[in-house]
Amino acid sequence: MFDLNGDLEEKNTEPSVDKLREVIVSSAKENAFKKVVQATMVRDRQHGPVIELNRIQVKRSRSRGGLAGTDGMKSVFGQMVSKMSLFNQEALFLPHRVWKVKFVGESVDDCGGGYSESVAEICDELMNGSLPLLIQTPNGRDEAGTSRDCFLLNVQANSSHHMTMYNFLGVLMGIAIRTGSPLSINLAEPVWKQLAGMPLTPADITEVDRHYIPGLMCIQQMEGDEKSFSSLDLPFTTTSSAGHEVSLSSKHARITYQNKHEYVKLALDYRQGQAKSSVVSLYYSRFPMISACSYTATKKYDYYYYYDDDDVYYRLHEFDEQVKAVRSGMARVIPVPLLSLFTPFELETMVCGSPDIPLALLKSVATYKGIEATSSLVQWFWEVMEEFTTAERSLFLRFVWGRTRLPRTIADFRGRDFVFQVLDKYNPPDHFLPESYTCFFLLKMPRYSCKAVLREKLKYAIHFCKSIDTDDYARVAMAGQAPDENGSYESDTNDWDSIGSDEPMPDCVSLNSL
């Protein structure tokens, strides 16, 4: 039907794959993709290597204002990067937990919740500025135009160390697709276009930097003579998406009437040649059942000026090396050549799920323990969830499942139900917080007296109870017990008979009574 061995470069017509990605229905593309993924799945292991992560050390570094350090390694993300040598191919092809977490100083027996929590922590670090990998779009910095809340790959992060970090980001994206566990990251559409193997256009620059193209047009269309241009004293430089000044020529220091067209050309055209990814060569050994197609972003656009075939726009290709590193990481986990079948939006959905959290989908996988679905407490719970903002629903998912987004479909839940359990041992119930077992997607709710109390306690829990407690009080609280009149606690493991009294409880969020 089309040549998967060919480069995605223009040969008088648009690339055939680019045409097909908009034509083939999503279900057909997903089925073809899933067949390759399923054929390479490793199913005889419960989890990959045990990874020791020290979140306490990370928090200490942040409290001193050091964030993740200049190299980003004082972070959960950085600790994972340093342990990438532990991941063999079998681990990366697992359908669920690619690693098992041991949080230093935190009492958690990772049955899945600790793994999800580590991924959520990594996403937080990517989005909160702790790491040097992602930067806010120029529109976001200027509070103008579209994509203000989105992020770009950082063109300044170009060392070999940074490329290793981008490679791990690609591994995470591949894992998210393979396991159906979405990442909570918000990248701008041009990034997803390049990750899907599509070339960028000047319109994509405006999507993230609305002032750049109009500024160049203004310079190109300016009338006047050499003297009037000289009086403007415009430097022969441009700015990268990171906001840094880039010198465009060693020959010219200032823009003149004579070189203004050359300036506009060079402002778009910074690097010569074509930026091709070698990630597909990685694929012949890993996915022999498909033909490989190399990635390149080389489509030429007649834009204000005619450019030679070897010219490549700087702003259209400034993150090519970063994209190449991310795709190389993805290629370790999933069939990257087949991403050429998907639109940028489809790829983003595969990696990140939907930022919206549809309650209808959550309700469809809900089961109830110790209470009827029609009871007042259950109705209050769903009403409060309806009233929550998207951000609050995301916090709730983090609290109860260690994730911040829902899978795309019921099938992507892979048989996992959301369990709503009521325990009547709370007395008085209005004095206690909800509890969660993130390993088991389980919420334990006291039998609150009214909707207002339920809302107050649930909001407090999702906003402030994010740590995994290590003390015995938290263990007792997880079992739903309050201290007796002497201030002592009696162990009760009837609810989790597979866990011995001297073993750490499954990972959960902190649960102290108020």
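Every residue, even glycine, has its Cβ placed from backbone N, Cα and C.
Note that the coordinates shown come from a computational prediction; the quantities given were computed from them, not determined experimentally.
Residues or ranges marked as domain 'HECT' in TrEMBL: 100-476.
The 10 Å shell around the Cβ of Cys439 (active site, glycyl thioester intermediate) contains 22 further Cβ atoms across the protein chains shown. Per TrEMBL, active site, glycyl thioester intermediate is recorded for Cys439.
As annotated by TrEMBL, region 'Disordered' applies to 483-514.
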For the domain 'HECT' (100-476), the mean pLDDT of the predicted model: 80
DSSP-derived class (H/G/I helix, E/B strand, else coil) of Cys439 (active site, glycyl thioester intermediate): helix
